[in-house]
Amino acid sequence: MEDLSIQNVNLEKSENLERHRTEGFSSSDALVVRRGAPFKISLQLKGRPFNPRTDTIRIKVMLGRLYVIMPVTYSQKKVSSSQWKAYIDPECLNLQNPSIFICSPASASVGCYKFQLCVFTHDQQQKCAFGKFILLCNPWCPEDAVYIPFEDQREEYVQNDSGLLFMGTHMNPVSRPWSFDLYEPDVLETCLNLLQISPQHQKNRRVDYLNRNNPVYISRVVSAMINCEDDRGVLKGNWSSDFKQGVNPSMWTGSGDILKQWAQTGYSPVKYGQCWVFAAVMCTVMRVLGIPCRVVTNFNSAHDTNNNLLIEEYYTETGQKLNNSKDSIWNFHIWVECWMSRRDLGSGMDGWQVLDPTPQERSGGVFCCGPAPVKAIKDRRIDLLYDVPFVYAEVNAAVHTIVVSQGRVISLSKDTERVGSLICTKAIGFSRLQNITGDYKYVKSKREIFKTHSFSSGPSEGVQVFLNLDKAPVAGEPITFTVKVINKQKVNKMMKVHLNAQAKEYNHRPSEELKTFWETHGVIQLAPMEVKVLNQQILPAQYKDVMGDKMINLAVVLQDTASQEHALASEEFNIASPELTIKIADEDSAVPNKEQVATVSFTNPYSHPVSGVLTVAGAGLIQGKVQFRVEQRITFTPTTVGTKMLQASLSLTNFSPTIRGFKMVSINNA
């Protein structure tokens, strides 16, 4: 009889992908599996059948130059979970097509593996076959350092390929749809290549491969590689208003375009990113690698350059904010959290870890940040790795607001509540905000939504002033607000009133180009102990140039003409843009490969006609992006089952805001 030979190795893709929850990655030419769980391969033999008594099988698994050789046994007996193992189930042994189960340790390194399978016959002849597989972290495996205990968390933080980023201000958060594009062609390969071209891998491949068993190490490498400051990273940051050499960060709608452009240009930095782009792309990479990840927004995020937990803001006596401080407060700053155990720190620090790929400060000589345990930030464990003091300041720094006149301080007040006023992420399974402020800090009693700063230069506290917006500002409507003045003394007072509105960027100081766009001045009389309310409004025509991602700093300064006491109140806010509405015909009947019809509509709230370009995109729904001159009816054909995001953006001609909208679509089995 002809001796046996190996005709083929069947990677049993459909079964393995389903078992390992990696179906979406099936476009890869390699098998994609998760560590700590067995996957099946089947041999197709030619010649005589396999003889368990005289034939033996050995498998060599290789990651770079690292390798392990294991015998194939006939028992699933528990061996150490830290070792590779391979076995044949004797109860279902097919001698002509034997199936072998390979199980990696729950702490195996992430990467693209090759394997060599050798059959030794009774006369020691060797028959070999080769294959490859990609190994990811496994949040479903209790022994894996990234194990997260609930299925809805794994669906949201590992498998969900779309989400929401929260921007704006704490009193008026704006949700921006984002497509993480986990399952788009070549995204998986690009995420793995990111590890390959990192400085750590280029410096010492063996050490890098060994360290890739640890999500702490992986997350730190990825945090540095998302920005390009120290390496061939993905994104170049740009916080100016000049984006001619690339793409305005506000125009990106998903991670796939960015990662593909990076790979296709030989890993040249993609221009440009700001904090939400850096964070969203990092979220894609971490989810692809199997590490649970979510995007987090910190409203009123402090950047404390001198590490004194104090941010100083300066105003003139007429309410203009000044650029006098190196410290700053961003109206919002966005980072990611990744879920992992911290065996390097002890079990009390397990769980969510802050990682920030936006290049702000160096950590260990490199522009990266984290992983800093959220629990350590809450408990001010600034002795722990990594970067806990920096993140602690971002959510806890105090604010000194100083009014100056002719170089002299005439008023000062301290606010310990403003920084980190709201920390949030997308809710599990719902398109809404989840407040996680209490995870980062011990939250005091509920403070006023519109924080008021009141000052006086003497112990008498002669006058107090409060500034309140009547409602969250909406594009096309007047911004209405009230100034409440309280005379706390039993004497008449004459007060000068200065009101000032400035345009500013979300991430820093008032914009030099726009400066003050609205102001008013006057005088009021206050009787003893009188309370006076002034109603004010800023009309749409007055704020028309302060739209889109711009913020407004509104301040009121009162001056007692007799005592020269000053009082200041201020608020920073955004103007909510209108949204696109997306409706889908026969929404419940959406199935793969069947054309669907959607209608995108826009109600113009402005006092003038608008025109622009409508862009529609949706991973798993539309190949690439489709652009129209403002049209309404579109068609799309779903390709895969699951919940998908259809998003649309309208770029208006000669007008700054981009109008956005999204619709979640459930694609069912046919």
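Keep in mind that glycine also has a Cβ here, set from the backbone N, Cα and C atoms.
Among the features that TrEMBL reports, active site is placed at Cys275 (among others). For Cys275 (active site), the number of other Cβ atoms no farther than 10 Å from its own Cβ, over all displayed protein chains, is 26.
Same-chain residues at least 6 positions away in sequence with a Cβ under 8 Å from that of His333 (active site) are, in sequence order, Cys275, Thr297, Asn298, Ser301, Thr358, Glu394, Asn507. The active site annotation in TrEMBL covers His333 (among others).
Around Asp356 (active site), the same-chain residues six or more apart in sequence whose CB sits under 8 Å from its CB are Ser223, Phe278, Ala279, Trp335, Val336, Cys368, Cys369, Gly370, Asp387, Val391, listed in sequence order. Residues or ranges marked as active site by TrEMBL: Asp356 (among others).
Taken from TrEMBL, the feature domain 'Transglutaminase-like' covers 267-359.
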Stretch-averaged pLDDT - the domain 'Transglutaminase-like' (267-359): 91
